[in-house]
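> Here you go, one structure.
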Amino acid sequence: MEQFHATTIFAIHHNGKAAMAGDGQVTFGNAVVMKHTAKKVRRLFQGKVLAGFAGSVADAFTLFEMFEGKLEEFNGNLPRAAVELAKEWRSDKVLRRLEAMLIVMDERHLLLVSGTGEVIEPDDGILAIGSGGNYALAAGRALKQYAGDQLSAKEIAKAALEIAANICVYTNDHIIVEEL
């Protein structure tokens, strides 16, 4: 899969809770940090769904709007809305050029949605995307496995992002965490 710089999004289902975290850095090109406090994790569908993006900010806003429309159309059915978004995203000539990836979740489902048509639900209840995604994913899996009985979903999400921010130059430590 394509890597998008300037962000890290991490999401986890753990002990009956769902949490998603994202950093606040927006990078212009490969050299200039333009913003430190962007909000890349949002609540959708009356606060029942969390969505986070990696990639172009303008493209992400387009995808958030489209995804929220699909959630409304399918009455909050997250898997169906994600599949329909992925189908439309992949088949439309203009949308196909959008450079972003989404993680979407509710209390039961956690999904990665990409413009190549993938809708992936992880086996372990953890997903991460963006330039620091691999670092956050490794940290989150370790935290869940070795300290999961002592940490909440929200604490794991925040710690995974903090670790990624210490490694990835495109990820900062201005972290937003949302929980369901």
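Keep in mind that glycine also has a Cβ here, set from the backbone N, Cα and C atoms.
Annotated active site per Swiss-Prot: THR7, in sequence order. Residues or ranges marked as Na(+) binding site in Swiss-Prot: ALA165, CYS168, THR171.
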> How many other Cβ atoms sit within 10 Å of the Cβ of THR171 (Na(+) binding site)?
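For THR171 (Na(+) binding site), the 10 Å Cβ neighbour count is 30.
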> CA-CA, which of the binding-site residues ALA165, CYS168, THR171 lies nearest THR7 (active site)?
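Out of the listed candidates, the nearest Cα belongs to THR171.
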> Out of THR7, ALA165, CYS168, give me whichever of these recorded positions has the highest number of other Cβ atoms within 10 Å.
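For the recorded positions THR7, ALA165, CYS168, the Cβ with the most other Cβ atoms within 10 Å is THR7.
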> Specify all same-chain residues, apart from the site residues ALA165, CYS168, THR171, whose Cβ lies within 8 angstroms of the center of the Cβ atoms of the Na(+) site, ordered by sequence.
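Checked against the 8 Å cutoff, the neighbours are THR8, ASP23, GLN25, SER131, GLY132, TYR135, ALA136, LEU161, ALA164, ASN166, ILE167, VAL169, TYR170, ASN172, ASP173.
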> Return one of helix, strand or coil for CYS168 (Na(+) binding site), based on DSSP.
coil
